[in-house]
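Not my notes, these are from Swiss-Prot:
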REPEAT    27-66  repeat 'WD 1'
REPEAT    154-194  repeat 'WD 2'
REPEAT    197-236  repeat 'WD 3'
REPEAT    295-334  repeat 'WD 4'
REGION    336-462  region 'Linker'
DOMAIN    462-836  domain 'USP'
DOMAIN    888-1058  domain 'Exonuclease'
BINDING   Asp891, Glu893, Asp1000, Asp1051  divalent metal cation binding site
Amino acid sequence: MNNWQHSFNNARPLDEHLHKPYLQYDGIEKHLTKFIFDDHANLVWTGDTYGCVSSYDVNFQPYVRQRAHIGGSPVKDLMSHSSGVLSLSSDSLHLQDRRGTTLLNLTNIDIAAFNDLQTMCYMSADQTSKVYCAGTDIGTGLSLIDLQRGTLETNIPYFSKVNFIKSSKKLAAIGKLSGSIDLFDPGSNQVIKSFISHSSCITSMDIQDYTLVTTGQSNGFYNTFADPFVNVYDLRTMRQLPPISFSKSTSMGTVGADFVQLHPVLPTIVMIASSSGAFDFVDMANPSLRTQFANPGNGIKCIRLSSNGDHLGVLESNDMFSTWKRPNSSVNFTNMPELLTYPSYPNDGPLANISIDDYNYPLSTVGMPYYQEKLLSTWSTVIFRSPGTVPRDIDKILTDLKNSKKSKKLVADGVNFYPYSVAKYGHKDALQPYISLRDKRYQRSTGSVPDDVLITKSVDGELPPAFKNLPLVVTKYATDSFDFESVNKTPYCGLDNDVDNPFTNALIQLYRFIPEISNFLISTLKHEHFESPLLTDMAYLFDMMRNTIDGICRTTNYQMSLNDVLEKNNLSLHTISESNMLQKINSLSLNDDGGKKQLSIQELNDFLLSELCEEEVKFIDQNFVLQHCYCCEFAVKTKGCMTYGQTSGSLYKPSITIGPNACTQKNGKVSYPHSILGYIEHGLKNSIVLNKKCEQCGIKENLEEDISIQELPPILSLSLEFDDNAMKLAKTTKNWLPKEFYASIMKNKPLVRGSVNDIRTNTMIYKYELHGYIARISDPDRGDHYVTFSRIYNEESKMFRWYLFNDYLVTEVDESIVYDLGKHWLKPEVVIYGDAEELRKPFNYLKDVEIDDSILYKDYFSAAIRESIQKEYELLTRNEAPRPGSLIAIDAEFVTLKNEKYDIDCRGAKTVVQSKVSALARISVVRGNEEQFGVPFIDDYIIIEKNIDDYLTKFSGILPGDLDPKTSNKHLVPRNVAYRKIWLLMQLGCTFIGHGLQNDFKHINISVPKEQIRDTAVYFLQGKRYLSLRYLAYVLLDINVQEGNHDSIEDAYTALVLYKKYLELKSNGMMDQVLNKLYEEGRTTNYKVPLKL
């Protein structure tokens, strides 16, 4: 290996694209990270810190460049492939062909194990369709990727930080960050041998056939240093050979070895190099035969041999690239290079003679001449440096706008002049912070959250993290893998925002802490009533939230009932953010709202309270608890025509709308109230002039309606509809939102004052305290959304505390933050004041209260199909009434109403804007007692009259028509009937047995206490891999289940028998042994049940 010569005329920088003017202020390091020779074409591939992959031909002219990894992720590793090149970043794997077209792109959104990746290799030298990926995250292990399918084939547990991984035909060598090496068998996925190679770390490694070589570093007194030798291992005998020294007795002295590579053609020759620039070619059969060289210029960052062994590429520390080659060697990098494709130049033929005075001939048809020379615009920055072009002058119209003092003249000249609103948009000179897309993708895929997410105090007027619009919790394992405890350290549960209308969560959190409303709704659950779905579903939700501590609840059933009520009234909910991608998608959908009135949150507040009052009357005749709780009673007098005088009546308003009509005008100036009290007083008295027909004589004329207050409720709900001027005054006025005020009625006129001494009357005086309010938050990153401030009374400390509810984020906030309305990103829209004594009442629970459970012992039929149903269950009797600790097994099936919707930007980043919407389709419950063990007593199919995108028949066993009352022969019941049965069983203290109960309870929308759950998927869990019910039944019970479509009765019974098996193994002390055997044998079949021949 003598006579290597350095090519001085071809050294050139390969980082020119990283030094563009528009990249100089982003704060990212700009250098190349890796280079390789292509094994199938005359190309050199490089990767950089921006995630770009570039290729250069034999003349080192740019051929292809592509942004392979987004989010500023540097390229960690490159590998030549028959179809192109593979590149690896810390969280993604990319495959592209040689023309720059993406063939495969996998990120940590697709594969959660992609985190802190460092290296990759093929499964074996002969099998290049599968790739191992590994890194420094010990929790992710080794990921085996199938490139043909583009999926994760398997994830192998490996609890060490990996720095390098190389493979040969039989084995793979794993270089650990600790300095040791593991030999890995791809056939059995086991480590068969380990070596301690270097005391600190491994810096380079290569493997070929049965030879493995490594370089590394050792620990010194104060730092590490490169070892001056190369370790050699014989993989046939599984032992270490004598090491080979590097640069022994040279004029350069003894330097450490940083790079090593076996010669691709000569198996006994190894190339060893140092970062200082020295490199040797050594014959391992006779280490004394060596040739020493020194690379001129800066130090070496990366050094590689081409696949034919004729070229040696050197990437220096300043990103200059040069090559070494032997005399009379081939110019090709590989023995049989593929032909590179270039754009073809069409021959347009000779141009016709055109007169220079012919103005009718378009110049664009002449075209550009074809050239082979290099243009000045593409010269290297090393040769030709330019400070850039001079910026254009500012348009005269813009300078006039800047210097003009009168906007009226601009409007008269046809120029629209809009002053910038600092209160609405914030400071215009504020620089937008850099947002790491890599961090965002990692947080979404792993369920992690930033450390500062609970910060509520604003810094420099900016939006604090706790107020920001939270992303959808959609990870690989849905919401189960998300760390909700990190965003909620309070005893009050949050709400999942993975629903159709997430901003309705704010209303739920506002009213659930009003004792009178919450206690009444929950008390209605004692009775059986299925005709008021909105009221009962809201009651079930309040009960579930009250029993769930520091967790999360879903509002699925409540949202479905609310949508049904809105649909009946031809209404829909307004999307508050114009930039919301989901709104844009829905506007293009065939199922658009079609002219429905869209309700704002103020209108929804009034509509919801009114609907609850109406359903309360239907639920319990002559019951007006809610009406007396929050409805204001008004007397309405209508002054008719001159003939018939006036008429009178009563009006109950659940919410008082206050807005800019409370302002007064004097001397042409508009005056607004200096606190919310003036708006409240104006809202409680009103006089309206309507132009309509008189009901007595039918004459159309102006009729005056005088509305006067008669009685104030304990709870005062206020809907704020302010214009910009009124809101601006509220933000700049101190104590605009008072902590408390006093109100009274004198001569049918309201008196609202800040102090009790300001009211002089003999009538009753009410003291109101601020309970909470809903605020609209302007988030520049993710659009507007709503949060709730609630003041909650603690019975132990006898004190009130303020809490912020932002969907699933719940945190305690300081009182000063609540009353500070001066922030430009906050706008209150619904405010609740409550009677001082009312807010201190205790919350009641349903414990030790007699509940109507008759639905458990009778059939409930829908659509008169009693005679034609197929009954597969046997009803409970009073003799076998459930008691605390009664064993029951449950399984539920679901169908898909709507599939997922994504927002894919121009870079290919995919964001979930609407998760998959599922609906409960069937619930089966079987007995677990010894008398009638395994006999079902509930088998309810749920009526679904909405469009169903996918019945999931293979997994649910539901066929088209099974859920339709017109065609089904199943036992169909409404959703609230089936839900009440499960809720009653939970209230009676039954113990639920099932497989994957967390998913079942999530779709049923019920929160069962942990002490009442026996989940066989958790009992037979080792690590993170859950075993399927079918596999466990096959191995442990020796039965085949789910051979065709799933059947919920069969699945529930199998889970029950499996739980009995678990108790038997636990009592015998065989559980750990059987569990280890389950996973060891399951790896050979990928935990699948063998197919029948």
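Cβ coordinates come from backbone N, Cα and C, glycine included.
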List every residue in the same chain as Asp1051 (divalent metal cation binding site), at least 6 positions away in sequence, whose Cβ is under 8 Å from its Cβ.
Asp891, Ser924, His995, Leu1029, Val1041, Gln1042
Can you check what DSSP calls Asp1000 (divalent metal cation binding site), collapsed to helix, strand or coil?
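Helix, per DSSP.
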What are the non-local neighbours of Asp1000 (divalent metal cation binding site), defined as same-chain residues 6+ apart in sequence with CB under 8 A from its CB?
Ile890, Asp891, Ala892, Gly994
Near the repeat 'WD 2' (154-194), which same-chain residues lie under 8 Å Cβ to Cβ, leaving out any that are not at least 6 residues past its ends?
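Residues packing against the repeat 'WD 2' (154-194) from afar: 113, 118-126, 132, 134-138, 140-144, 200-202, 204-210, 212, 214, 216-217, 233, 235, 238, 1023, 1083, 1086.
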Helix, strand or coil for Asp1051 (divalent metal cation binding site)? Use DSSP.
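DSSP assigns Asp1051 (divalent metal cation binding site) to helix.
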For Asp891 (divalent metal cation binding site), list the number of other Cβ atoms lying within 10 Å of its Cβ atom.
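The answer is 27.
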Residue counts in helix (H, G, I), strand (E, B) and coil for the repeat 'WD 4' (295-334), per DSSP?
0 helix, 18 strand, 22 coil
Within 10 angstroms of the C-beta of Glu893 (divalent metal cation binding site), what count of other C-beta atoms is obtained when all protein chains are considered?
25
Mind tallying the repeat 'WD 2' (154-194) by DSSP state, helix then strand then coil?
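Looking at the repeat 'WD 2' (154-194) with DSSP, the answer is 0 helix, 25 strand, 16 coil.
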According to DSSP, does Glu893 (divalent metal cation binding site) fall in a helix, a strand, or coil?
strand
Cβ within 8 Å of the divalent metal cation site centroid (Asp891, Glu893, Asp1000, Asp1051 excluded): which residues?
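Those within range, site residues removed, are Ile890, Ala892, Arg922, Ile923, Ser924, Gly994, His995, His1046, Ser1048, Ala1052.
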Across the repeat 'WD 4' (295-334), what does the mean pLDDT come to, as a whole number?
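Summarising the repeat 'WD 4' (295-334) by its mean pLDDT gives 90.
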Counting by DSSP secondary structure, give me helix, strand and coil numbers for the repeat 'WD 1' (27-66).
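Here the numbers are 0 helix, 22 strand, 18 coil.
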